[in-house]
Amino acid sequence: MNMLLEINDLNSYDIEFIFDTAIQHFNNSNVSNNSLYGKTIVNLFFESSTRTLSSFEISAKSLGARTVTINVSTSSMNKGESIIDTVLNINAMNPDLIIIRSQYSQFIKEISKYLPNCHIINAGDGHHEHPTQALIDYCTIRYIKGKIHNLNISICGDILHSRVARSNIRLLSRYGANISIVAPPTLICNLKGVSHIHHNFVEGISDSDVIMLLRLQKERMTNFTISSEEEYAYLYMLNSENLSYARSDVIVMHPGPTNKGVEISHYVAEKKSIILLQVKMGVAVRKAILEYLLCHN
């Protein structure tokens, strides 16, 4: 395997290797090695990112790789160069791996057909997939709970526009999780692997082992999908009161960025969630993914 474009690119062996390696890195987060010494990794992000871009940079550099991050706002795209030509020109410089984020669903899969000999990671494409975030969430849940099978996992928020939801549902359902999606009717779509659909928030999180919250992706909303953020928060924000309906050992997750006071209260985000642990796990998981693609294939 030389590309990670969708979560279904990974078989059980791949995922087990990534999990085991990630946990080693997580438990030894202050230890650097040179497993990627001499490798050049290009970050090509056509869409805004804080956590994902920083996480990949830190992961690559801590493994000894050289990283090149392209500032798209000052690239030749401003002179009329197409996205495809930009990627092809970067590839012609023979990097060992290109990490791409795009606002266009399926774009990275399409461009990969022109780059058969290049290692590529999909760092998020439109509302299609975000496979590395799903692996981070899988590893985080398994690290804390010890398993995925038979866990009640509620994914709440803007399901319709969420690449994180799609990748997580595909991965977690494969390992036997009972997945509920919780959202207003206008932010729901039919996805294979979902056990239950709820429009009532309390019903959707009742008896949950894991609550995964998603922000409203207003930048992708083209139609009238919610009346207001205030009404959405009133009906769908996780707070200390409705959190009591979940299991006592529930873990609260969020892939970021969070909009506190909309999908999650300040108190729950800061006192009851494992959001920062997810971020720490993100570096460990991305180290494992980079090593798997560049050292074990």
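Quick reminder: no glycine exception, Cβ is built from N, Cα and C everywhere.
Counting only residues at least six positions away in the same chain, the Cβ atoms of LEU44, PHE45, PHE46, GLU47, SER49, THR52, LEU53, ASN122, ALA123, GLY124, ASP125 sit under 8 Å from the Cβ of ARG101 (carbamoyl phosphate binding site). Here Swiss-Prot flags ARG51, THR52, ARG101, HIS130, GLN133, GLY256, PRO257 as carbamoyl phosphate binding site.
Around ARG163 (L-aspartate binding site), taking its Cβ as the centre, 22 other Cβ atoms fall within 10 Å, counting all chains. Under the heading L-aspartate binding site, Swiss-Prot lists LYS79, ARG163, ARG215.
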Env. residues of carbamoyl phosphate site, Cβ within 8 Å of mean position of ARG51, THR52, ARG101, HIS130, GLN133, GLY256, PRO257 Cβ: SER49, THR50, ALA123, GLY124, VAL164, PRO255
